[in-house]
């Protein structure tokens, strides 16, 4: 994981992310299951699914356009990266973008009600495990709708 201010490229530490309630867990690969199960138990994540995006994904550009629209959710957004890489952009307390590059072995938790967006890296490939407290769902509330 690497994070930095989008405009200035100034590095952002894990502690700075924690200060805005974005949580990061480095996961041991390939033996991640025990740690993942522990995090799920501690945080009440009862459901999970997997999503794969790559150049062969039907309507990839349309999906990425939706993901890159600035939005928030009523629930946390939890992603554990199994393969590939992507960028989460989150807003800090001063409404500045922080870019977070996630890749294989990274688990990130974006808190509920935090504006963010997502896109793939230049490789255009990611395989992620999505974790949920209830039934799997992804309902964005776009910023322009507020």
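Any Cβ shown, glycine's included, is placed from N, Cα and C.
Remember, it's a predicted structure, so these values are computed and weren't measured experimentally.
Annotated features, as they stand in Swiss-Prot:
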type	residues	note
BINDING	71, 73, 77, 116	Fe(2+) binding site
BINDING	71, 73, 77, 116	Ni(2+) binding site
Among the binding-site residues 71, 73, point out the residue whose Cβ has the most other Cβ atoms within 10 Å, with all shown protein chains included in the count.
71
Near residue 116 (Fe(2+) binding site), which residues of its chain come within a Cβ-Cβ distance under 8 Å, counting only those 6 or more away in sequence?
70, 71, 72, 77, 88, 89, 90, 91, 110
